[in-house]
There are 4 protein chains.
Amino acid sequence: MPGNSFGHTFRLTTWGESHGPGVGCTVDGCPAGLALDEAQIQHELDRRRVGQSKVSSQRQEPDRVQIMSGVFEGQTTGAPISMLVLNSDAKSSHYTAIKDLYRPGHADYSWDAKYGLRDWRGGGRSSARETIGRVAGGAIAKLLLAQVGVRIVGYTLQLGDLRATQIDEAEIERNIMRCPDPVVAEAMIARVDQARRDLDSLGGVVEIRARGVPPGLGEPVFDKLQADIGKAMFSIPAIKGVEIGEGFGVANLRGSQNNDPFIRREDGTIGTLSNHHGGILGGISTGEEIIVRLAAKPTPSIAQAQPTVDREGNPTSIEVHGRHDPTVLPRLVPVAEAMLALVLADHLLRQRAARVSYP
Amino acid sequence: MPGNSFGHTFRLTTWGESHGPGVGCTVDGCPAGLALDEAQIQHELDRRRVGQSKVSSQRQEPDRVQIMSGVFEGQTTGAPISMLVLNSDAKSSHYTAIKDLYRPGHADYSWDAKYGLRDWRGGGRSSARETIGRVAGGAIAKLLLAQVGVRIVGYTLQLGDLRATQIDEAEIERNIMRCPDPVVAEAMIARVDQARRDLDSLGGVVEIRARGVPPGLGEPVFDKLQADIGKAMFSIPAIKGVEIGEGFGVANLRGSQNNDPFIRREDGTIGTLSNHHGGILGGISTGEEIIVRLAAKPTPSIAQAQPTVDREGNPTSIEVHGRHDPTVLPRLVPVAEAMLALVLADHLLRQRAARVSYP
Amino acid sequence: MPGNSFGHTFRLTTWGESHGPGVGCTVDGCPAGLALDEAQIQHELDRRRVGQSKVSSQRQEPDRVQIMSGVFEGQTTGAPISMLVLNSDAKSSHYTAIKDLYRPGHADYSWDAKYGLRDWRGGGRSSARETIGRVAGGAIAKLLLAQVGVRIVGYTLQLGDLRATQIDEAEIERNIMRCPDPVVAEAMIARVDQARRDLDSLGGVVEIRARGVPPGLGEPVFDKLQADIGKAMFSIPAIKGVEIGEGFGVANLRGSQNNDPFIRREDGTIGTLSNHHGGILGGISTGEEIIVRLAAKPTPSIAQAQPTVDREGNPTSIEVHGRHDPTVLPRLVPVAEAMLALVLADHLLRQRAARVSYP
Amino acid sequence: MPGNSFGHTFRLTTWGESHGPGVGCTVDGCPAGLALDEAQIQHELDRRRVGQSKVSSQRQEPDRVQIMSGVFEGQTTGAPISMLVLNSDAKSSHYTAIKDLYRPGHADYSWDAKYGLRDWRGGGRSSARETIGRVAGGAIAKLLLAQVGVRIVGYTLQLGDLRATQIDEAEIERNIMRCPDPVVAEAMIARVDQARRDLDSLGGVVEIRARGVPPGLGEPVFDKLQADIGKAMFSIPAIKGVEIGEGFGVANLRGSQNNDPFIRREDGTIGTLSNHHGGILGGISTGEEIIVRLAAKPTPSIAQAQPTVDREGNPTSIEVHGRHDPTVLPRLVPVAEAMLALVLADHLLRQRAARVSYP
């Protein structure tokens, strides 16, 4: 089973290398009858695009999506939706000099160990450009989820020891860090600027929330909702930690503190008084907000000299020049949103097979 | 796609409820020619068994495994290996009284929301007894991995604010907390005892390591090794956070700190000087030790009164009696080891299809 | 991906060898809320059981099914349904003498070529006892299908040049050949008797029909309904040919003859005037009767001497004694019905994800 | 699980509609290190292209393939191989007039029943142009198979009652029917010409053979080699019957006739004296030639008037004009070869996981 597909019933397959002709994806399993146009997908791609600000890479590409199939007269048909984005600003020259060196923190060595060869131009398949297909597929997933009232929002929560102290969603897209706290956002931007001047990079934490998720999504045992979310998030480049709800904080809680009492809400439905559980119990959504945090490592491509070896193991030194983000956080936000949307869309459809009949 | 199977090429399917006739599993895809006997699987099951100590549930069951298929003259044949453990000490009476109440922190409500009905006896399918199948399947995975020199070890790292300050593997199985630091182990045991007397429970952190993993395991993009590990760990009941290598610590590091320089080892192979990356880069193993941490919430079943509602949403109060672990940590260790073994065995086999030919 | 599972959303996994402790299966993905008891499954198992008549093997086993999980208070819960049948009449002595010889028409050689070893007792995993799991799983599929009005019927259509000239379904279970034509049934029985006396065996054709299948089942392209039916039927031991509707007869028809005109039926629904297409067009059910035929080879186990080789390739001769069916046809009927039921149940559930919303 | 992918380890996903921007596919799981260029894929696409002769459709398209990813410096990298063919000669005007009528023998009605809407231009997703992706993917599978000495050949065996009486492979590509018997080929061409003049179409039988297949491919039970071949063949549009080896002929044979004696070949390997079994026993290849036959129905698009109904069920008459093949047989040959190649490539890779170690 090859590894370039995600999801069982709503299924995304991505392809493409950083410096090849283009990147793209196929969404298979999108139900028929969903209103869809390229502008909606383009909007999400524009959110992840590079060259947007001083905290991101300066690579300039329009990343124009073309829908190649699966849509007819503005609606999905049930056929696979193929999407294509041509590459236009690939500069392989940065990479020629270092093609035989193993960049620290990168996949060069492990890829060689697996395949015996690799496309070294711009990181090849391991480039972050691969996430274009995820964002395009996630855009369709978001549209499907919107039909049942699900809304996903993400933001930069933490950079180093700087952590947002308020979550004002209106602020998120107003600053280049996508931080929901405007004061902390300013401090984060200054911190990134300094790291760039130091030829260095920074890690941090992104938080994603999904509201309006109907209770009942997720499969018990191996395909628990948090298991598929965990897989989705850890499949994003640079992610080293994932939390649901209280996350690692549960290590410091007693059961009497961590348990969320069930209540009857004013509308008569059942919910919980608190939300330590982060919207999932026993692998199945409860209807409470789903809360996910993911830790992203500092971009491994830095322009300062680092010790390493070449393919034969000879010690040497490397400086990774090129157009790299000093922090991936703001561009990670739409990618992580897309992955959460893909998981929820998949389980929304899978849930339809859970009962012989529905009331 | 139902959710009771795990893995693509080495594939485990589990079944069974807490108070049904038994629990079990089928391992499909185990290669032919692996020496196997029931004692090896029984050894792992005994490690997860309940009633072992004052920090664990008092349910008494021998959990004797029977291999029903797939083994002939002491060797696997390539056919599916079915394993069966009969239930013997199920006491449903504890549950009759609360069958219409939603236990806080449990899957009762979300399961009802999904299926419209549930087997409430002992938690039914959402019981931790389901993990017997995982441990049995994982035992076979460990045997397969041992053929190529992989060894997996797990332990309790943290309980509340008590954290092991040394990792002495020889200590792990000597104390009932499975803590590698004998001094901290004593403190942990006292803490758990107190929680039990308080009719409460405690969360914590388990760490699992795999040594001798050959470089090249894992598929880039969606089936990254850490993605499948993340899914595996989040599929275990009670897990709310997962880290690889440096984990959430990367948020506080610069690239120049977090990057691990490549070196040539004395034996001529390539490795890294430090191991912030936790044995995986770009989704593929590097040959360095794989390090995983998982945060487990405090057992939700506590005997003190908690507010909740019944199936109709009427407010009420519940005390969850029965035989519950005040902390899941020591019994979580063999389960998490099993899940890591399942992921690695699966990718070990998948790796065989990565190249047209091998040198 | 191992090969002992079938179906995507309604998924059957079977296990077990002819002379091991037992055979069984797990059905994962059966929706919650289906009324189910063991008697219904036992009824189908009794239909496939051996020792029923002079045209079948004389092996005597009760084949009692035990449901081990997934059913609570008479209803499926959505959890996997594990079923177990213990082996009781295995006689391995017949096989000891020939364990190093390759039986013509059997899997001995190809299995050795694949795995390097095999469980030779009674054919091991390649025994027809494996189909017990299929029939048990198919019985549940039939119950699910019955909820939407689907009914499946199968029968022996042809044995050698003897072919049923009328299809009287009431006759099928009245004769040991399961032939719907009582006159031809008598001739078939005589023919089988003669083959047995000749220490030989006979092939033939079974036909399976499904009525009441709603239009819209099946996925275009690779998972066409006929593709999954084709796979299902060819997965049954001994099958060498499969036809849908007109089958190979289409080679002799013109388009104007083979096309089935669409009509409006009296109840206002759309159907076709004739049914050359066998209930499937473009891979999707039309609502007309689904018609499948499968050709079964003569049982390869015959007691007369046949030339062969041993594992080292040394020429020798073999007589396959034991308790073998001189024709598999009557016992093939319930197995083929089960496989068709599994395919239809799977696509019935998959169809629920085809549209954003249903009218 | 959506239905536009085929294969487990070597996996093809196709997309595209007849009159959309293009058609294409992604091959995921092709091992790294396979020499590949577009010319090799183009050669196979040229074999299936329309407008080749008077027995085929007159639609004129170059069908130029572009490899978009997965190949670097002439070798596969292990990354997904995306291939694109733009549509250039789509004439939707033929279809506007009949967009609300159900063409007999086509998927129009069943597609509407499934999805509630469809792309009616040129048959949309159910068009035979979808097979371009199969042939492109199959071309890569053939290259992989060639590494181990497997060679696949296909031809038109039968058209109506005309059946090739000799199999001269050198003749196949010399006549427009791809018939290996030059005399019968002439008669077939005359027969097709007559059908075209009669505004009618013809069915027939194609045979595909694979030589040099190593013994041991195929998984016992559900993923038997013949089961996956059966699925592959029945997934091709217009196929109503599939045979392996002796096929339906087994109905007329006794076991003593149908069993193929095992022998030691001159090179010391084990084989069979005859090949009734068609190269597969117990679902696993034996090393003998794999022989598959498939029956294709006459093209349903015929220009003579046929009774049908419209979407509301109103009776009417339809003439299907446009550029249609009076028989699909010669163009079916490369498609069926591609599907057989995909199955064998998939099982070639799956076989690598069958044993703990290989001698």
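For all residues, glycine too, the Cβ spot is worked out from N, Cα and C.
Cβ environment of A:LYS54 (NADP(+) binding site): A:ILE176, A:ILE189, A:VAL192, A:ASP193, A:ARG196 lie under 8 Å away, each six or more residues apart in the same chain. As annotated by TrEMBL, NADP(+) binding site applies to A:ARG48, A:LYS54.
Sequence-distant neighbours of A:SER301 (FMN binding site) (same chain, 6+ apart, CB under 8 A from its CB) are A:ARG103, A:GLY105, A:HIS106, A:SER201, A:VAL320, A:GLY322, A:HIS324. Sequence annotations record features per position, and here TrEMBL assigns FMN binding site to A:ARG125, A:SER126, A:SER127, A:GLY282, A:LYS297, A:PRO298, A:THR299, A:PRO300, A:SER301, A:ARG323.
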**OP:** Filter the binding-site residues A:LYS54, A:ARG125, A:SER301 down to the ones with a Cβ under 8 Å from chain D's Cβ atoms, keeping sequence order.
**Re:** A:ARG125
Original post:
Around A:SER127 (FMN binding site), which residues of its chain at least 6 apart sit with Cβ under 8 Å of its Cβ?
Top reply: A:GLU17, A:SER18
Original post:
Out of A:ARG48, A:LYS54, A:SER127, which binding-site residues come under 8 Å of chain B, measuring Cβ to Cβ?
Top reply: none
Original post:
Around A:ARG125 (FMN binding site), which residues of its chain at least 6 apart sit with Cβ under 8 Å of its Cβ?
Top reply: A:GLY16, A:GLU17, A:SER18, A:ASP119
**OP:** Pick the one among the binding-site residues A:ARG48, A:LYS297 whose Cβ has the fewest other Cβ atoms within 10 Å in this structure.
**Re:** A:ARG48
Original post:
When you measure from the Cβ of A:THR299 (FMN binding site), which residues in the chain that are at least 6 apart have a Cβ under 8 Å away?
Top reply: A:SER201, A:ALA238, A:HIS324, A:ASP325, A:PRO326, A:THR327, A:VAL328
**OP:** To the nearest whole angstrom, state the Cα distance for the pair A:ARG48 (NADP(+) binding site) and A:LYS297 (FMN binding site).
**Re:** 18
